Amino acid sequence: MAKQPQPSLAYPLTVAPTNPDTSTPQPEKTPINPSTPMLPGAPRFPSPNLQQDQSPSPSIKTPILQSPFNGIKTGSSIPHLSTPPGPPVFTSPVRPAAVPFRTSPATPQPVAFSSGSSLPTSSPPHFSNGSAQLHHQVPQATEDSISIEELPCVLFSAHKVLKQKKLANVSSLGFGALIFPGREISPGPQIIQRDPHRCQNCGAYANLYCKILLGSGQWQCVICRKLNGSDGEYIAPSKEDLSNLPEISSPMVDYVRTGNKRPGFVPVSDSRMSAPIVLVIDECLDEPHLQHLQSSLHAFVDSLPPAARIGIILYGRTVSVYDFSEESMASADVLPGDKSPSQESLKALIYGTGVYLSPMHASKEVAHQIFSSLRPYKLKIAEASRDRCLGTAVEVALSIIQGPSAEMSRGVVKRAGGNSRIIVCAGGPSTYGPGSVPHSLSHPNYPYMEKTALKWMEHLGHEAYRHNTVVDILCAGTCPVRVPLLQPLAKASGGILVLHDDFGEAFGVNLQRASTRASGSQGLLEIRCSDDILITQVVGPGEEAHIDTHETFKNDVSFSIQMLSVEETQSFSLSMENKGDIKSDCVYFQFAIQYMSLYQADISRVITVRLSTVDSVSAYLESVQDEVAAILIAKRTLLRAKNYSDAIDMRTIIDERIKDIALRFGSQVPKSKLHRFPKELSLLPEFLFHLRRGPLLGNIVGHEDERSVLRNLFLNASFDLSLRMVAPRCLMHREGGTFEELPAYDLAMQSNTAVVLDHGTDVFIWLGAELAADEGRSAAALAACRTLAEELTELRFPAPRILAFKEGSSQARYFVSRLIPAHKDPPYEQEARFPQLRSLTTEQRTKLKCSFIHFDDPSLCEWMRSLKVVPPEPS
């Protein structure tokens, strides 16, 4: 038996950026022909039986005492949340995450739901109508009645659950789910404008799987099996009448309360933009960078709606807070940057005559004047050595947003609809004032000063979060910004840090998208599972909810997460295990997401899922959702890749995963030491191969700061962006302006074609040399490819770079390095995995073969055979 360590609780504090990737353009847009084998979009979830991957143990000890610090009550099973690279939120040690799942964005598969379980026989219920049986109940939903398309906020790694604990808890192929708390749904879920019926024992919500006595209106909780009353609401003459209730007919409902519980209630028409946006701008920029930044800032204010409130602060050696009360010129109040602003200086600022937050309809012209008045840095000092008091500037911005205290404003506190937002436009590191580090890394006291600065920045991030303010840091230029120092500020506030090449187009787009992506604030995520299921780990942008911050029930074993912000671009990944062998025919999962919407309404979104249990390993493997599983594995793996050395270790762990899955779920080749990879998981190896050699774990991205930013982004990103960051999507341009989706193999690099490669944070357009030689055709193909790239990423945050280059150019290596080198495989393997080759003539195929340069990077098949595993047949 493996040891059963007490799990720790910790959450990542990074905001995941990107709206769902519109992986398939709208019908009226550029058509994509998904002919032949589409880009494998679904890996499973392998986590080998390696020591490093087993921190979430198969079973976890139950705490003896109630803990007021972690919000878990006596007798509850404690899962643990892990945080991405960076200082952990909790004092308890950080542990890695285990995960699996799958789902294909193009062709989602239905969730399998099993029949409901019967009431416990040990304690017969007593009913007011005298009946002691539950045969008068609303029938359970059938297996086919609910598809995964109806549950856009939850994706499971498999649609069935293995009953045997020993098989279900194999770490190389775990079980888990992805939750998207802030995802906007169209059409929206059913709305209920009343308080929900909740189990008085465990707190679970009434749902479509509850057994209900029509005569008495009592319902049985699917989580703890206790009976509850409904105040007569579920009394009905027939099951058809009861089925009209949203919570009894739909797996997902929104309970909405719009009562004016807070002073300073903002009307619906004004609330969406009532939360202010403060721009904190680096003024230590050289002229080329400043010109690009000015263009982006001008476009940004032009994009804001008239009701949006904006503030503008510049920082260098001092902090300049711009005053909107002067309509004819750009004027600012200046504070020193070497220390935190004093209460006296802040009072003088806030209670003075200046207007520092102003609606766009009254201040657009002033804002344009301010941006036009910016001047480049004039002193002859290297970029990295310039004094930048970034920490002080954010402190001042936070004070401006908070505004006058409650006493000074006659007891009326204005609560913004949603989170306020501070957007930092940085061109270099924080090197002056609180939260700064020395200009030189060789400074004798640098390690100590960096440690102190990290703690200060994290504290500032927590303060921002406490005041419902998110800090996003958008960096650009060629000067290193010391990512490890800035990351804690963004993470702790629920914000994001993004690196850009310059302050140009991509920066400007991200500036606009950062200001509008919030879905709400003050979010709480509660997770409840059947007794047979244990949550071992959660990874996502949140913190453990303290026991006094949410409603609790007598025997509530839910796990509660305080979300740092509620945004569509985020996800939480859950790792789960069986506590023991499961006896019932199904298990239940309920997710309750509580938050305040942008329109000041209290929302409680309740999602209930039922999965059937099976004894057959083959049936379980068939239900595995490859893509979801791959993303869960990738998040667990990336959680432990805190630096380049760790990343190399994680590549080895991926190798071990593949071997372990083949050993446990595959079959041995007769008279050989080779094992066949299970055919049901045929897409998983390719996803993990992309992960292993791509920018997240491989050496495609050169600088560790860039890798760190990508890892933090990935750990909290939505499913769509996460999938693209792991495995690129390859689309070949065809005559007539259509596109054909192909596997992401280098065999797509045919000289007479144009290819688009979507890799999440980067989109590449590759023009073959033969096509590029024809100016007319190449211009048309390039225009079509650019249009497609923009359509695919129009809702994504952060907005990706879109780069175009020709075959043979030095930049083309960025494209080539992200494709699997399938040209190294024998012809029969090439055709099996890339059937498009069969349409080429002998001459074209010879020409294609000769265009590849030899290098040592193995193909997918070579890699798997080196692990003593036979690659699965293409599906």
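For all residues, glycine too, the Cβ spot is worked out from N, Cα and C.
Summarising the annotation, TrEMBL assigns region 'Disordered' to 1-141. Annotation source TrEMBL lists compositional bias 'Polar residues' at 16-36, 48-80, 126-141. Residues or ranges marked as compositional bias 'Low complexity' by TrEMBL: 114-125. Annotation source TrEMBL lists domain 'Zinc finger Sec23/Sec24-type' at 196-234. Here TrEMBL flags 278-504 as domain 'Sec23/Sec24 trunk'. The domain 'Sec23/Sec24 beta-sandwich' annotation in TrEMBL covers 521-613. Residues or ranges marked as domain 'Sec23/Sec24 helical' by TrEMBL: 627-723.
Highest Cβ contact count with the domain 'Sec23/Sec24 beta-sandwich' (521-613) among the listed stretches 196-234, 278-504, 627-723 falls to 196-234 (criterion: pairs under 8 Å).
When DSSP labels each residue, the domain 'Sec23/Sec24 beta-sandwich' (521-613) comes out as 3 helix, 58 strand, 32 coil, counted as helix, strand and coil in that order. Secondary structure by DSSP for the domain 'Zinc finger Sec23/Sec24-type' (196-234): 0 helix, 8 strand, 31 coil.
Confidence annotation: the domain 'Sec23/Sec24 beta-sandwich' (521-613) carries a mean pLDDT of 89 in the model. Residues in the domain 'Sec23/Sec24 helical' (627-723) partition by DSSP class (helix H, G, I; strand E, B; coil) as 66 helix, 5 strand, 26 coil.
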